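Participant: Let me give you the structure first, and then I'll get to my questions.
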Amino acid sequence: MSPTNNGRNKKLGPRRKVPGRVSKSKSRAKVQAGDAKRVLDANALKWEKVDVPDTLGDFGGFYGLEEIDGVDVEVVDGKVQFVARDESRLKSPADAVDGTDMVEVDEDAGMEDVTEFRNLDDVAEGELSALSDEGSASEDDGSDSSGSSDMDEDDDQELQSEIFNKDIGLDEAEAPELPSWTNTMKLSATVLQGLSRLGFSNPTEIQLQSIPKALDGHDIMGKASTGSGKTLAYGIPILEGIIRDDTDSRPIGLIFTPTRELAHQVTDHLREVGALLVKRNPYSIMCLTGGLSIQKQERLLKYKGSARVVVATPGRFLELLEKDQTLIDRFAKVDTLVLDEADRLLQDGHFEEFERILKHLSRARKFTNGKKHGWKTMIYSATFSLDYFNKLSNTSWKKMKKAPSENEMEEVLKHLMTKIPFRGKPLIIDTNPEQKVASQIKESLIECLPTERDLYVYYFVTLYPGTTLVFCNAIDSVKKLNAYLHNLKISAFQIHSSMLQKNRLKSLEKFQEQAKKNQALNKPTVLIASDVAARGLDIPGIQHVIHYHLPRSADVYIHRSGRTARAENEGVAVTICSPQEAMGPLRKLRRVLAGKAGSKGKRWQNEIALLPVEPDIVSQLRERSRLASALADSEIATSSLSKDDNWLKKAADDLGIDVDSDDETKDTFLAKNKTKKLNKQLDKSTSKSYKMELNALLNTPIRKDARKSYLTGGLSNLADDLTKKKGHSSIIGHDKVDALTLLKSKSKRAKR
């Protein structure tokens, strides 16, 4: 310590000015040479990763941290600029382009940089090894001749491991034989390989009609039932645009979706089909939504060749555009603009952000190309009808006037052309002009009192085990039904708009994992959702959809029901309806969904069949339902009161005032709300008693026809069925039943 202190006592500070002047003169020489004090891009600096402890979790979506020393940060006109103090902070010449600009990096180095910061959750299975193979191949640029003999020995292995070298074009890949696709449209080997790998051997009707027209450059307005493959109907032409484009950087497709979950689903689907493109550039197809770091998204957008296809929600994309004029200029050159679930995007209250995006891009495109609008526009949805957006409770079904079916799409198109800048009149492709709900969906109805909705949900999932998706109009109903089913020992999960996006995705993953386990055990798995999951989401294996409440509009009913019977599979949609709903809203819904405008009489009222209900089984479930409902109400009321009290205390502490309990009674609404919740609470002894009683009932087997005598008596030997595991898994004496088979057989008998 003494030498250091002595050095300080000698005041060596002023002496350091001499080397400072020398370094200043040297820096002037470097400035003259164009090598120092230049504004550098963040990607040109030697960032070092910071290890994040595993005990800290994922920071709620935090992907990683990097740091750098010896770099000055300057803010000029609101923009952050980096200035390196010395050349050691810059990337080595091997990582930079051989030229004058240190910001531009060569394509190989850029891709190494991309993979360095990539989130491991985004990497598909088997992709890491493929990327490492690609990196080693790029390092040995001159080794093609030495390894040619080995490659000739196995052409198939060469196709798999070396196809992504830049010496080989994507179109040179071997195309699989898919005559159903190639006989009707001209597709590249890249797309054909993706279709073959995913098992899409035949195009759907909407794909068959849309893709050739889109490849020819037409604007398209496409309508098809849910689960019919609309994503690939617009996705394949966009992927073909990337392959045929020579610039290797210009954006090709811009796709907008109404929800974040749908945007991620579309992105994953396009990446699977265009796997060869993604392997060549992992960020050629990007998803830009809220709930994720906007700084990381801005950074990824700067990589060379990134964001050739962007799937985005309007809010986040608008935020990115308005922060950076270069992004506006860049995406103004886009070839194709797509609106998925266009009817939802263009409804009142959802169009403002999209309209601002169009204004930004239109102005930039007009300035650069001298044209106001020049991109190809494609819009798709399962519902294009002005009647669908009317509230079912607003107008009487008797006063409704339905336009002729041949003019319906024309009427909607006139409405859309006032909002969307088409180049001309788009082609209308309607694969189901008379059919609103997919033909694979068998609809059914349960009539009950409003207070018995929970009971009949329990009855349905008990009698028909499988994967069931229940839709509610209110978030409170979602929470209550979730607690109710948990009390009945049924695997239930919830998803609604009040949940964080991270928790929504976790809930979906847990539901799918539990569904696989319960399928082997023949037990029910239930996902309870608000309308956040109604549009576009492709949740695999949904067998039944239950409308806990009648939807507020017909388009919501169509999209809810479309979560089952995906990709030509079959499914069941059940509506639980109270007498009040049956009088008006249900009749209006059936009238809107009628097949033809000129249908005679009132046959449309009888199109939906009643689900057969067995009263003896319902009577055995009623007491269980009452106890589970009371416990669920108590749990939710207790949790809600605790949150209200904590919020009030926190607000009072922030304001520096005392909380007076009498203040709550002065507000009539708060007082009534609190009283209502207090009335639902159960004391500890009552709650414990209810739980014990409920557990005793759950341990008592349910018997068909309430049989409690000898198992070996009667027409069927129940003991033999139990030992051989015949019959229903939860109800003794009941045959295995399937809701779809039951409704099919009932419809056949009705036709006879």
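Yeah, the Cβs are placed from backbone N, Cα and C, and that goes for glycine too.
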Participant: When you get a sec, could you say which of 176-179, 280-283, 340-343, 712-715 is annotated motif 'DEAD box' by Swiss-Prot?
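Facilitator: Per Swiss-Prot, the stretch marked motif 'DEAD box' is 340-343.
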Participant: Which range, 1-33, 661-693, does Swiss-Prot list as region 'Disordered'?
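Facilitator: Residues 1-33 are the ones Swiss-Prot records as region 'Disordered'.
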Participant: Validating a neighbour-count step here. Other CB atoms within 10 A of the CB of THR226 (ATP binding site): how many?
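Facilitator: Cβ-Cβ neighbours of THR226 (ATP binding site) within 10 Å number 25.
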Participant: Mind checking how the motif 'Q motif' (180-208) divides into helix, strand and coil residues in DSSP?
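Facilitator: With helix first, then strand, then coil, the motif 'Q motif' (180-208) has 17 helix, 0 strand, 12 coil.
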Participant: What are the DSSP helix/strand/coil residue counts across the motif 'DEAD box' (340-343)?
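Facilitator: Final tally across the stretch: 2 helix, 1 strand, 1 coil.
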Participant: Once the chains shown are all counted, how many other Cβ atoms turn up within 10 Å of the Cβ of SER228 (ATP binding site)?
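Facilitator: Its Cβ shell of radius 10 Å holds 23 other Cβ atoms.
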Participant: Sequence gap of 6 or more, Cβ distance under 8 Å: name the residues on the same chain that satisfy this around LYS230 (ATP binding site), in order along the sequence.
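Facilitator: Same-chain residues close to LYS230 (ATP binding site) (Cβ under 8 Å, separated by 6 or more) are ILE206, GLY222, ALA224, ASP340, TYR380, SER381, ALA382.
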